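Swiss-Prot annotations:
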type    : residues       : note
BINDING : 176-231        : ATP binding site
BINDING : Asp302, Glu316 : Mg(2+) 1 binding site
BINDING : Glu316, Asn318 : Mg(2+) 2 binding site
DOMAIN  : 141-349        : domain 'ATP-grasp'
Amino acid sequence: MPSSRTCVGVVFGGASEEHAVSIRSAITVVGALRSEVNNNRFEVIAIYIDQRGRWWPAGVAEAVLKQGHPAKPEQLSTPLAPQGFTKLPEGSERVQVWYPVLHGPNGEDGTVQGLFTLMGQPFVGSGVLGSALSMDKLAMKAAFAAAGLPQVPYAAVDAADLLETESRQGVAKHLEAKLKYPCFVKPANLGSSVGISKAQNRNELLIGLDKAASLDRRIVVEQGVSARELECAVLGKRELQTSVVGEICFDADWYDYDTKYSENCSHTLIPAPLPEGVEAQIRTLALQACRCVAAHGMARVDFFYNAARNEIWLNEINTLPGFTSQSMYPMLWEASGVTLEELVSQLVITARE
């Protein structure tokens with residue numbers, strides 16, 4: 001007799017700098033799907049992608065989830081498959097809905113979404129276009145600019161222009177003419193604050209550019225602003241819904257990778273204490289930003305807010321936001337009356353619409 005439960009394929013890990021974060025997120029997601037509330041609704045098949053892009057079946061995936069860190073060489077069968085995707089692991093034929101819990105390139109950028117689309121199977125999150133546009137900060141910012149959405153001044157840099165001394169200095173002069181210090185240098189296609197540097201002068205700017213160029217050929221440099229960091233969660237496909245707005249507070253100079261994923265380095269205020277009308281503005285902008293880049297399913301939209309100037313700037317969209325114990329997306333929905341168990345259930349249901 002066929003099972004009445006929906007079989008969900010949770011894919012995590014990935015050939016990305018954010019591999020470890022993906023594992024932490026997957027532990028939360030799988031736990032919520034297998035909770036007492038959801039046990040009669042879903043069957044979970046976990047699939048692990050190692051750091052070379054090879055896909056592994058449930059046996060390996062469950063071991064990684066249990067240990068909470070990447071698979072060790074002895075846990076992987078030999079001889080190893082070639083690098084990258086070759087075929088779906090055993091058991092995948094039973095999957096009815098795919099749930100990618102992947103962060104960064106090769107997972108959040110439209111690549112895996114394209115695979116699921118070719119397979120003709122539903123999946124959680126945005127499609128190819130929304131994922132790709134939202135992942136690439138330069139493409140995303142160009143879309144925001146075309147729609148007239150507010151954002152801080154920025155400039156684009158091609159890593160090829162940093163190879164020679166003369167061209168490097170030319171890039172620095174161009175950036176200094178367009179932006180003021182401090183500024184932030186970011187690889188265009190990485191998340192979780194990976195590869196981001198703050199520059200207070202030309203020397204730090206060039207060091208930051210080299211760091212970003214080692215990770216991505218496309219680089220974005222943003223004007224630093226004095227602002228609070230706010231976030232709003234979005235859920236839905238045909239009809240997008242927004243959560244309450246939350247604020248990230250931290251003692252560090254800026255919200256870098258260590259601050260984001262270390263215990264006791266930051267705290268959140270949910271809902272954020274905001275003047276009347278500001279939360280409504282942010283929630284409206286979050287919807288506009290998602291529609292602008294064709295993001296749906298789920299997204300976390302990040303903002304800067306300067307209270308003295310009463311100015312709001314869009315920072316970025318994350319179409320596969322983290323689900324770790326410190327991640328804002330599930331916390332924002334919890335504060336909006338949607339439990340973690342209800343949230344993952346709704347995401348799977350939305351994927352089938």
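Just so you know, glycine gets a Cβ as well, placed from its N, Cα and C.
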Lowest local Cβ density among Lys211, Arg218, which the record lists as binding-site residues, within 10 Å: Lys211
Val225 (ATP binding site) CB neighbourhood, other CB atoms within 10 A: 17
Minimum Cα separation from Asn318 (Mg(2+) 2 binding site), reported as the residue among binding-site residues Ser197, Glu204, Lys211, Asp302 that achieves it: Asp302
Long-range Cβ environment of Glu176 (ATP binding site), under 8 Å and at least 6 residues apart: Arg202, Leu205
List of residues, in chain order, with Cβ under 8 A from that of Glu316 (Mg(2+) 1 binding site) and at least 6 apart: Ser134, Lys137, Met140, Val301, Asp302
Mapped DSSP class for Asp302 (Mg(2+) 1 binding site), helix or strand or coil: strand
Conformational class of Ser197 (ATP binding site) under the three-state DSSP mapping: strand
Sparsest-packed among the binding-site residues, when each Cβ's other Cβ atoms within 10 Å are tallied, from Glu204, Asp302: Glu204
Number of Cβ atoms other than its own within 10 Å, given for Asn318 (Mg(2+) 2 binding site): 24
Cβ packing number for Cys183 (ATP binding site), 10 Å threshold: 24
Neighbourhood of Ser197 (ATP binding site) by C-beta distance under 8 A, where only residues 6 or more apart in the same chain count: Phe184, Val185, Glu204, Ile207, Gly208, Lys211, Ala212
Glu316 (Mg(2+) 1 binding site): secondary structure state under DSSP, collapsed to three categories: strand
